[in-house]
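Per TrEMBL, these features apply:
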SIGNAL    1-20  signal peptide
REGION    59-84  region 'Disordered'
ACT_SITE  150  active site, nucleophile
BINDING   205  substrate binding site
REGION    410-434  region 'Disordered'
């Protein structure tokens, strides 16, 4: 200001446009213009930066939105794909430890007793193999089990048939939603009308028991020290072989009368294998193969042989038990009973080599089956026997049975025969245990 004032004074009264003052005014205007240009440039740059930030922000928002839209679209596409995926009839090879479960068959609408099928259906829904409403109504997926194992009974070769949406890595997806003591070990495509219960020709069960069960009643034995001798094993196998063929097993179940035709069952083989030691106790495994079995039939067949070998009953009771008279047949404990294998020989002959379907044989899965039994089934049987002593406690009940009774309860038997409705599973597609 001082400098500018001095210049004005020195110019006297001359106007800004005069020659004397032209230089300073011109320089002032130049400076002012430069300042204005600078302000305009800064303002323009600021606007551009703000505009760029807004663009970037909009792009980011659009990107996130596009991702959300894409994610939703992918989910919808997956759902649509599931809905469009055709359902195929398959069979699943199952293995499970039955301890803690009230059998295989699901009781829809009842959560009081947990079953194997409760966990299976839940896994099928969660893995996307079946829609949720099929889990609520199992007929919609044409579900059928081959054997309705009952409370506590395990399986190494259970077969179920059903319609599912075939997915990549389907076994892994199902098993990811199952507890470790229930496994799906194999899967095969079958014909559209296949029914695992009706197409089954035969079933093989095993029964694992401590060998002290065969010790004679007059001999005092220590359970862990007892070892089955060759002579006793031969006698056991001789008695078990008597079951081979067709017999009337009405005394080996509570569902049939002596004149009910369905009480006749065909047994193909039955034998006891060599004993082995686990956890300091000797065990043996009895195997039986038959067309079908009734409720408790296998356990009563084994229970009667034990009663004979121990000296509580005469061998002649076996022939009597197949007659019309009512015979008191003891029922061995359910622990130890395992569904080993189901057979589809007629189906395999007709469809196994038709070029479209595989035979229902599981040779490639045998190693996995053996590993599962060693990890889950055998330890459960052995540890439960040691803790609960189910066989030892049952052996103490044998003296109360009346093996010499020859009373014929024809009237009661006839009533039972007439009332017998042969419910699902009672023909051996089902339970052989309590």
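For all residues, glycine too, the Cβ spot is worked out from N, Cα and C.
In the structure as shown, the Cβ atom of the residue listed as 'active site, nucleophile' sits within 10 Å of 23 other Cβ atoms.
You'll find the Cα of residue 205 (substrate binding site) roughly 13 Å from the Cα of the residue listed as 'active site, nucleophile'. Note on residue 205 (substrate binding site): other Cβ atoms within 10 Å of its Cβ, all shown chains, come to 26.
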